[in-house]
Amino acid sequence: MSKIAHVIVDVPIMQTDQPFTYLVPQEIDEAVEVGVRVEVPFGNGNRHIQGFVVGIDFLNNQTEDSDQLKPLVGVLDLHPVVNDELLQLADEMAKTTFAFKITCLQTMLPSVMRSTYKKWLVAVKDVPQHIEEEVFLGLGERDWEEIKESSYLSELHRLRQAGCVDVRYEVTTKNKVKTMKVVTANLPREMLLDIQANTRKNAHQKHRLLNFFIDAQEGEFSVKELVEEHDLSRQVIKEAAELGWLLEEEREVYRDPYKDRVFQQDEALVLNDEQQVALDRVTKATSENKNEVFLLEGITGSGKTEVYLQAISNVLDEGKTAIMLVPEISLTPQTVTRFKRRFGDKVAVLHSGLSQGEKYDEWRKIERKEAQVVVGARSAVFAPLENIGLIIIDEEHETSYKQDESPRYHARNLAIWRGEYHRCPVLLGSATPSLESRARAQKNVYHLLQLTKRASDNAILPTVSVVDMRRELKQGVTGSFSTPLLTELTERLEKKEQSVLMLNRRGYSSFMMCRDCGYVLPCPNCDISLTLHMDTKSMKCHYCGHEEGIPQCCPICDSKKIRYYGTGTQKVEEELQQLLPDARILRMDVDTTRKKGSHERLLQKFEAQEADILLGTQMIAKGLDFPNVTLVGVLNADTALNLPDFRSSERTFQLLTQVSGRAGRGEKLGQVIIQTFNPEHYAITLAKNQHYEAFYQHEMNLRRQGKYPPYYYTVQLVVSHEEELQAAKKMHEIANKIKQALTPQAIILGPTPKPMARMNRRYFYQTVIKYRFEENLGRVLEEILQESQKDIRSGLRVSIDMEPQHFI
DNA sequence: AGCACGCCGACT
DNA sequence: GTCGGCGTGCTC
């Protein structure tokens, strides 16, 4: 009876999106189980690739078809890296997002566990001398990448046929475990004393070492620590180990990014009655194992986080675990500290600021059940926790919870799936819930919990005023700062209070334009203008990363009057510095926060009041909590309003509400000034009044009329090709096919070129489908994907995005 | 994806 | 007649 394994192989295409069956060699029989990664030979050439074991079987009669199966090469893991639940989740994800199973599986794991491949040419026998010298350089083996262009290729091909040379495939996975050498006393205390008595007096090192272990008696000590802090040499430790006094061992260590920080433990705060009601409802669901979804709608400052913390604490008390998702952008040191203070070592943090190795270590901490609470961004929804008692998604309206590449999953949906699996509640929280979630709460699909009061009594809602920039313009203000905003800023400087200024970068950038002929410097690959970056002194494309020098004169008319336009943070900073020469300004944007830890340093500086004004993009809108900030200014509230996206009002409202919440977090009264060219727009007037409910009603009405989510579902199909005609043709073909399969109730928008029609030298066409009930939709989309496979060779790419978050 | 196979034109 | 170009099919 021979063991066989069903394996999902690392070839992300449709034809291989299914398990392949391999024989399990006797020698590694024990190690091969469901959920481990394996190395398998694949295809005609038997190149070696990584795969995931998704099933195990046994063959009774060996004669039948076992001779058609290839044996797998080896095992890459000692223990399964995906359990049964996550395997099921991968299947679910593949099905609902139209992604490949292998892509889903890889997405769930830290990136270090993705294998890299290398091909070697190996000399076997009778290799001609000139090949030996020119190709193998006398080494007997050569990296294929280095010789695949060589002129000996055909000769090598013949030699391979003759068996003189061979190809070796290498699969490497970088999930290295960091280790540390530790020593323990290997002999009882009496014997150590005995040894010490017989050791020469002038062997100072040995005496010191023996004394140390006689005093310390038990415990493990790292060699590094002994050398650095107890004045012992590596040599004497090694000798002691050889003599059998000490026992040397390699210990795994975690790269703990927070190892140098001491987190002072804190205690649960007293909740107000609203918070208490919310907590009780959630806790009741967790302890009764009820799979319910709660929507916690609470104004900024209403203490949602404290409810999360106490709910998690209750879950831990029941011996269960919890996941807390926060948007990447608000996974700030402040947030992390808050969790570390409450739960100490029980917390694992997963976010993009960590190195690959650090991420892997945090993941391993979870997998080995050393962490019970996981705090992280989108992908933390895959945390390999068992016995989950609660999943929380903070700022649930954030679009970053949806991945914008394959697999295009929404963390909220997967969290709810896991909630069902574990029979535990899911808690969605936001001051400005997405219309989708809020509507579900309305229909009692989710349970609505509301926090309407600020948590601490002395914190009052800030006053919000809107400045009409059209009027300012008429009065001769041409810059980024209105008179009221400047007045307030000046006043804050005098009072030694701090201000936060936000520049809404969405739909905005600073570009070079010739004043004489109007020429705008474009990206050679994409359909947009290049953006000026002063820090690197270059022009960059925000879409494809193309970079070139700053032009000194216009490439078309040769005029020297080529200047930059638009409002980047750097330019605003300069403008502000001129207006307020004494102000200490901190700029925070992608340029000043690119380096690791710089984000944190900037905030610390601001917190220590080493600056008066924090000027930044969207990233300052979330989660920051500085008591001395009494003024928040939004320089351009409406740049996003004009984008061709039905969610642009919703985004603007959310952003303004959120940034307003940054003012007056302490005891002083806060003020918010919103500058806009659309002062009557409902997204702005309602944000001014912090009136979510009214916004919800108004926007729902528009969505109903416009047949948009949450009344309708949406799918976006995108076709791209290097030639515009090819992309357009295929898109029309697909759109026609869809039209035929769907009911007349479905609304098909397009095909149209995407607003950003060319990106990375490719042309994009899209079709959006709005629908309510379409039985055939899933099947047709599957067919479209299937049929598009043969077009891949001609350079066509087709993507399907269920419930897209961005339409541009 | 990446490998082998097979069918064509250009060359010894 | 053969070398190497690229289009096609398949991968346990």
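Placement of Cβ uses the backbone N, Cα and C atoms for every residue, glycine included.
Keep in mind that TrEMBL annotations are predicted by a computer and have not been checked by a curator.
Over in TrEMBL, the protein carries these features:
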- A:285-451: domain 'Helicase ATP-binding' (DOMAIN)
- A:Cys514, A:Cys517, A:Cys554, A:Cys557: Zn(2+) 1 binding site (BINDING)
- A:Cys523, A:Cys526, A:Cys541, A:Cys544: Zn(2+) 2 binding site (BINDING)
- A:549-703: domain 'Helicase C-terminal' (DOMAIN)
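Residue density at A:Cys514 (Zn(2+) 1 binding site): 21 other Cβ atoms are found within 10 A of its Cβ, drawing on all protein chains shown. In the shown protein chains, 20 other C-beta atoms lie within 10 A of the C-beta of A:Cys554 (Zn(2+) 1 binding site). Other C-beta atoms found within 10 angstroms of the C-beta of A:Cys541 (Zn(2+) 2 binding site) number 20, with every protein chain shown included. A coil conformation is recorded for A:Cys523 (Zn(2+) 2 binding site) in the three-state DSSP classification, outside any helix or strand.
Secondary structure at A:Cys514 (Zn(2+) 1 binding site), as computed by DSSP, is strand. It is A:Cys557, among the binding-site residues A:Cys523, A:Cys557, whose Cβ has the fewest other Cβ atoms within 10 Å in the structure shown. In the three-state DSSP assignment, the secondary structure recorded for A:Cys557 (Zn(2+) 1 binding site) is coil.
Rounded to a whole number, the distance between the Cα atoms of A:Cys557 (Zn(2+) 1 binding site) and A:Cys523 (Zn(2+) 2 binding site) is 18 Å.
Taking the C-alpha positions, the distance from A:Cys557 (Zn(2+) 1 binding site) to A:Cys541 (Zn(2+) 2 binding site) comes to 23 Å. Taking the Cα atom of each, A:Cys514 (Zn(2+) 1 binding site) and A:Cys541 (Zn(2+) 2 binding site) are about 18 angstrom apart. A Cα-Cα distance of 18 Å separates A:Cys541 (Zn(2+) 2 binding site) from A:Cys554 (Zn(2+) 1 binding site).
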